[in-house]
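Pulled from Swiss-Prot, these are the features on record:
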DNA_BIND  126-145  DNA-binding region
MOTIF     29-44  motif 'Polymerase core binding'
Amino acid sequence: MKFNDVYNKHHKIIHHLLKKYNISYNYDEYYQLLLIKMWQLSQIYKPSSNQSLSSFLFMRLNFYLIDLFRQQKRLNDIILCENHSPILTEQPTYFNEYDLRLQDVCALLNHRERQWLMLYLEGYKQYEIADIMSLSTSTIKLIKASVKRKCQRFFK
């Protein structure tokens, strides 16, 4: 399917997401980033998958927009940290608690479990993760249960 067709049918998803998150400042910049992401997603979409193109785009664009918000928050935190630094020549260090905990959890996991967790956090569905990792869905369920057990032990 050509991108012009995808755009004509699904461009309202971008407007909906921007309205959903009350984006008025930098609306055009966010719109352009989401439009580029829509083009990328239209290139990787497989019509044979169980998910319709509109739900695929909506879900992935929604997660992408949330990631953009997180990146913007990190940038603002870094700028604030730099402005309040006692010595301006000293490079401020930024620690995100989420990233630090994720690193600690990943240290407990084997390669398959780490790969599953990263794909899961990126928003992939179970059957998509199974395709990407070339495993059966039952194996993915076992990996998920193992990660869940390890995380529960870690956070107790």
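Positions of Cβ are set from backbone N, Cα and C atoms, glycine also.
Residue counts for the motif 'Polymerase core binding' (29-44) under DSSP, helix first, then strand, then coil, are 16 helix, 0 strand, 0 coil.
Within the DNA-binding region (126-145), the DSSP-based counts of helix, strand and coil residues read 17 helix, 0 strand, 3 coil. Looking just at the motif 'Polymerase core binding' (29-44), the mean pLDDT is 92.
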